[in-house]
Amino acid sequence: MSFLHVDHVTHTYFSIKEKTTAVRDIHFDAEKGDFISFLGPSGCGKTTLLSIIAGLIEPSEGRVLIEGREPNQKEHNIGYMLQQDYLFPWKSIEENVLLGLKIADTLTEESKAAALGLLPEFGLIDVEKKYPKELSGGMRQRAALARTLAPNPSLLLLDEPFSALDFQTKLSLENLVFRTLKEYQKTAVLVTHDIGEAIAMSDTIFLFSNQPGTIHQIFTIPKELAAMLPFDARQEPSFQTLFQTIWKELNSLEKQQRNH
């Protein structure tokens, strides 16, 4: 059985005046350690699907299974990393990083040492007693990654985590996240609008069409490209070829959206 099984998921939002189907008949599998990306026009249901996988929304139809069971935060310890770091400004970096362990009631001397040990791995030296406002945007996002990984999640969900950063910081964090997830054998799902980011970080890209969101096309990243650090992958001719292919498909979908 696959690690992540999305079984013909459809989700519809209802209001007093209308109903809107955000995603329709989404079906795919991902194995442990896979990195997959959702790419597509704005409003195609990528974040809705991510929320369904996280167990935050129950789908109107279909189901999601993680290791054969429906998503459950206590059982699966799902990690979420968002566009903003959402560090609590009144808490120190140490307190922020340990927050998930405290909430899950799994904070021990051993788990504390392991969590705080992530900080120097991520280039954050002597920051434990500092507060978020004392760190740069890139440093805060690194601290947020440490907080996300501290409870040892089985699945990591990334909702445009680099989009608010400058390009140099973004490239650096892409490498860091990629290397960390490979080292710890984490399964990850990335939502992004950035074609290059999706190619550089993923094993598989799901390109979504809009209204309602459906899987328009699936791109499997060549193994030699998927094994490279994102920065190195961006230099490869095969990266540019795949970028152009996906860009044309995405551009066609966006034109269709504008014409409706």
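Cβ atoms here come from the backbone N, Cα and C positions, even for glycine.
The domain 'ABC transporter' annotation in Swiss-Prot covers 4-231 and is backed by sequence analysis. Under the heading ATP binding site, Swiss-Prot lists G40, P41, S42, G43, C44, G45, K46, T47.
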Number of other Cβ atoms within 10 Å of the Cβ of G43 (ATP binding site) across all protein chains: 16
Packing count at G45 (ATP binding site) (other Cβ atoms within 10 Å of its Cβ): 27
P41, S42, T47 as binding-site residues, winner by CB count within 10 A: P41
